[in-house]
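Participant: Before I ask anything, let me first share the structure, which is written out below as C-alpha cells.
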C-alpha cells in the first residue's frame, strides 16, 4: 500500500513518540523532579495519556529579587566546569529564588549517615546541626546506619523531618565499613526509597553543619570537590593508580578529586552510582584488590566517566583542621578534628 508523504511522516512521529514513552516506562520508573521527564498514564477508562514535564524551572510570578548579571560577580573562582556543570560557591546563587522554585514541588530529601563503632560519638553533632542548616523547611528523612541502635541520640526534629535507624554489623576495620556503604545505599534505595523520595545525599557522620545547605545543591548527579586537593595539579590526586583495579584513573585523566564523604543527587542517579561502584568493588575484591581509598576511589572513577551535573565547592565539606582559604567565604559542612589513633581500629 502506498502512503502519502504526510501519512508517512505522521507514522514516523507516532512511532518515535511511542518508543520514547516505552523507554521512559521501562527505565524511568521513578519520578524526575525539575529536570524534565516523559511518562504514560492509564486513565480510569483505559485510555493512555502521555505527560511531558518541562525541563525549565518555574518561579512564582510575584517574587522580587536582585537583578542577576552576567558581567559582574565572583571573579576569584571558576563557577562552571568544562562540561558546563555549575560549580556552587557562595555568591553564585540566590537562595530565596531557588527555595521559591522548589518549595511548591513538595520534594523529599533522603540522607544516609553511617555511625558504626566509635563513630557513633559524632552522631549527635551531625544531627543537631543538620536541624539548623540542612534543607530547612523541606521534607527530610535521615537514615542512620549503626551497629549500636541504643546509642543513637534523641534529637528533636522539625515538622516534615524524621529519622530511621538501620542496624548493620560491626567491623574492626574502618575500611570494611567504608567499602560496604555503596552496597547499603543501593539496597536502601531499592527496598525503601522508591517513589518516596526525590533526592538523596550520602554524608559522613564525623562532620557537622555550619551554614546553609539547601536547594542550590539539587541536581541529577552531585559531587563535592575535596578541600585537600582543589588547588593541586591532578597528578597529585590520590586516585587509584593500578591499572588492574576497576577504580583506575590513569595519568592525564581526572577532572577534580571528589569527596567520598558527601555526594548525592536524584534517587535514580545515585542508585546507578552505588550499584556500579559496589559491583566494581566486589569484582576487585575477588581478584585480591582493594582500591587506595575504597569507595571514594571507585566514586572518583565513576564520576570521571559519568560527569556530575552539579559540582559543590569545598564549602560543602571543608576540614576543621585547615585554615579557611580566602576564596572560601563560608564553611557549610566540615569534617571535625579527631584523633584517628583513638577511633581506628573501630572497636
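Cβ from N, Cα, C; glycine included.
Annotations in TrEMBL come from automatic prediction, not curation.
Grabbed the feature section from TrEMBL, which reads as follows:
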type	residues	note
ACT_SITE	296	active site, nucleophile
BINDING	114, 115, 116, 119, 204, 205, 206	UDP-N-acetyl-alpha-D-galactosamine binding site
BINDING	204, 206	Mn(2+) binding site
Participant: CA-CA, which of the binding-site residues 114, 115, 204, 205 lies nearest residue 296 (active site, nucleophile)?
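Facilitator: Checking each of 114, 115, 204, 205 against residue 296 (active site, nucleophile), the shortest Cα distance is to 204.
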Participant: Need one number for the UDP-N-acetyl-alpha-D-galactosamine-binding residues 114, 115, 116, 119, 204, 205, 206: the maximum pairwise CA distance in Å, whole number please.
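Facilitator: Max Cα-Cα spread across the UDP-N-acetyl-alpha-D-galactosamine binders: 11 Å.
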